[in-house]
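One structure is given here, and the rest of the page talks about it.
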Amino acid sequence: MPNPDHSRPWTAPTATSRLDARVQLPGSKSLTNRALLLAALADGGSTLHRPLRSRDSRIMVEGLRSLGATIRETPGDGRFGPDLAVTPGPIRGGSSIDCGLAGTAMRFLPIVAALGDGPVAFDGDPHARERPMAETIASLRALGVRVDADEPRLPFTVHGARGPGGTGSVRGGEIEIDASASSQFVSALLLVGARFDEGLTLHHRGERLPSLPHIEMTLEALRQRGVDARRVGDASWRVEPGPIAALDERIEPDLSNAAPFLAAVVAVGGRVVLDGWPRETTQVGALLPQLLEPFGATSRLADGCLEVEAVGGAIPGASLDMHAAGELAPTIVALGALASGPVEVTGIGHIRGHETDRIRALVDDIAALGGRAQSLPDGIRVEPAPLAGGAWRAFDDHRIATAGAVVGLRVPGVEVDDIGATAKTIPEFPELWAGMLAGPGGEGATA
Ligand SMILES: O=C(O)C1=C[C@@H](OP(=O)(O)O)[C@@H](O)[C@H](O)C1
Ligand SMILES: C=C(OP(=O)(O)O)C(=O)O
């Protein structure tokens, strides 16, 4: 699926007054794509209310349609578009799926394809071919599923177990993988494991396990659908075989995409209220109030909204281990570029395999503005330095693009080369950002 908004240059607006804004964010990518996939494997029809509508969710919708699900748009009550009604069908082969740059699609859909009745070819954007995929291929082979792959990455073809020469079904049982490069390898197998004859017992053996909250999200999504799914050891999980119940679900706003809006409060000072902040959630973005505290932000959850306040001015330095929340790291590093003390973020070596090599991208972008950032074996360190306007390259990465927006709040003339990269998970970003800066008075920024 081509990226429709490719290369849209954008001058990041600079804030001219303290923030006073209320923001409503579109649905969570991680929750939407899990709900879509589980609905396609369920025992009846499900409706997703207020789903995310973005490139990554469209890729998941198209992929599941190719694999046999019927997915229709139905009128919704959300600001960001229609609901999605999903009717499962027998998993079928015979298609090609373009995963774009969506990690959830490229890791989750091949495991679904293993249940099908023929070959399914997977590919993606040029950079998707560089993202780690070895464990997807190895785990399918360990499950007895044939995968044709010249290299341990995209493109490859999965031969569904019900197809010619297949074993008729995926038996499941006990397997071991190394999920050091991505928690999505674990989530993918757990999401589909209930449809294996013997369910699945999965062990991770490797030097680190990033993004544990995303695995917890997977387990919870399964349990909400009546599947017995649980952690059975430090890095071991079990999913019992059985039906996946249909479920109508209202998708929470994307709390990870709240990161730049909340970082803006630290950068500029003032107050931002985020609507629809869940009291309980499995989203890793729920850690944001705690992550922003060392930078001087205070947060309050009341009446279903999160209110974040900061005084503005000098941003203190900080040292954070973000292994559980790597997807939030680019935003924190952007604050680091504006801080008056050193900011070090560690535990995030694996984000070199995200949409782009995020550590390199951030080091280069900060350097291009005259800043001082340095790559560490498992992270990044930013030293205080005066910044000047200049080019900020997005590298097709939504979170690098929005990190540029955060820096631009205090540095006039930051030119993000491709704000269209935000179409991956938050296509409305430029409008929402402008709305936040305009505030109730409508005069909070220079463009
Ligand atoms: O399962 C998911 O929905 C995700 C898991 C995480 O992946 P990694 O473990 O590769 O970081 C996260 O960074 C990504 O944005 C979404
Ligand atoms: C790493 C991310 O995405 P993906 O799902 O493509 O891995 C992300 O959104 O920060």
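Note that Cβ sites are derived from N, Cα and C of the backbone, with glycine treated the same way.
Quick look at what TrEMBL annotates:
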ACT_SITE  Glu327  active site, proton acceptor
BINDING   Lys29, Gly103, Arg131, Gln184, Arg358, Arg399, Lys424  phosphoenolpyruvate binding site
BINDING   Lys29, Ser30, Arg34, Ser182, Ser183, Gln184, Ser211, Glu327, His354  3-phosphoshikimate binding site
DOMAIN    14-431  domain 'Enolpyruvate transferase'
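Cα-Cα distance from Arg358 (phosphoenolpyruvate binding site) to Glu327 (active site, proton acceptor): 10 Å (rounded to the nearest whole number).
Taking only the Cα positions, the spacing between Lys424 (phosphoenolpyruvate binding site) and His354 (3-phosphoshikimate binding site) is 13 angstrom. Ligand 2 lies within reach of Gly103, Glu327, His354, Arg399 from the recorded positions Gly103, Ser183, Glu327, His354, Arg399, judged by a C-beta closer than 6 angstroms to any of its atoms. When the CA atoms are compared, no binding-site residues among the candidates Lys29, Gly103, Arg131, Arg399 lie within 10 A of Ser211 (3-phosphoshikimate binding site). Taking Arg34, Ser183, Glu327, His354 as the recorded positions under consideration, the smallest Cα distance to Arg399 (phosphoenolpyruvate binding site) is found for Glu327. Across the fold, the C-alpha of Arg34 (3-phosphoshikimate binding site) and the C-alpha of Gln184 (phosphoenolpyruvate binding site) stand 11 Å from each other. Ligand 1 lies within reach of Ser183, Gln184, Ser211, Glu327 from the recorded positions Ser183, Gln184, Ser211, Glu327, Arg399, judged by a C-beta closer than 6 angstroms to any of its atoms. Averaged over the domain 'Enolpyruvate transferase' (14-431), the predicted model reaches a pLDDT of 97.
Here Lys29 (phosphoenolpyruvate binding site) is compared against the recorded positions Ser183, Glu327, His354, and the shortest C-alpha distance is to Glu327.
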